[in-house]
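Read the structure below first, then the notes.
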Amino acid sequence: MALLEQKNVADVNNVNTGTEIPPNVTIYINNLNEKIKIDELKKSLHAVFSQFGKILEILAFKTLKHKGQAWVVFEDAQSATNAMRQMQSFPFYDKPMRIQFAKTKSDIIAKADGTFVPREKRKRHEEKGKKKKEQHDANQAGIGLAPAYAGAYGATPPLSQIPYPGGAKSMAPEAPAPPNNILFIQNLPNETTPMMLQMLFQQYPGFKEVRMVETKPGIAFVEYGDEMQSTVAMHGLQGFKIQQNSMLITYAKK
């Protein structure tokens, strides 16, 4: 009984439980695979969670204390709520995600903002308590997070820059291929990795593998067990945005 009480207290001290924290724009995720590099982890989290709404910031740290954890800051609370409900226990890098609402004014977010401030500037902030408080409040309200996001994932390329070589006419097949078990994915950002696509497509039954063409960035092939399974995945992810690029999904030509 004492051990159970001690565990409950520890849970509350760390993040609290989802039922005790009111819905807000930030979700806290733990039980993440600690072997994944931070940059890849952030990009994969963005790929998985951007379907629920605009993401202002993703926070993850290399420190031992914060390994296996991340914070995703959405533009609105409804997006965060939908993400938490639908992605609870989602198999992410072979481990089920555990998701809760973060504290509205989480200390960890304030500390995260501080880690990106140069030491000299941080010292000046400490000497100016009022200015530091205003900076803290602004950060908690989400002001200034969008530029940080742009720096982490890169600016969105102009619409005229089509990732798929060959220009706009190549974005769609000349004649639609008949339904089959392999999907052809286009308009992917150049930074897209096979693992990021696997995170998205493996949530649909029958998923087999992702194949990318190294010489042709912006496209990929995803194979399923049969055409019915591939069709379900195509309808489910058609237009899904990765770094502001909407995926174009068709059946592959055989």
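Cβ coordinates come from backbone N, Cα and C, glycine included.
Just so you know, TrEMBL annotations are computer predictions that nobody has curated.
Features of the protein shown, as given by TrEMBL:
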DOMAIN    25-104  domain 'RRM'
REGION    117-138  region 'Disordered'
COMPBIAS  126-137  compositional bias 'Basic and acidic residues'
DOMAIN    181-254  domain 'RRM'
**OP:** Mind tallying the domain 'RRM' (25-104) by DSSP state, helix then strand then coil?
**Re:** 29 helix, 23 strand, 28 coil
**OP:** Could you give me the DSSP helix, strand and coil counts for the domain 'RRM' (181-254)?
**Re:** 19 helix, 24 strand, 31 coil
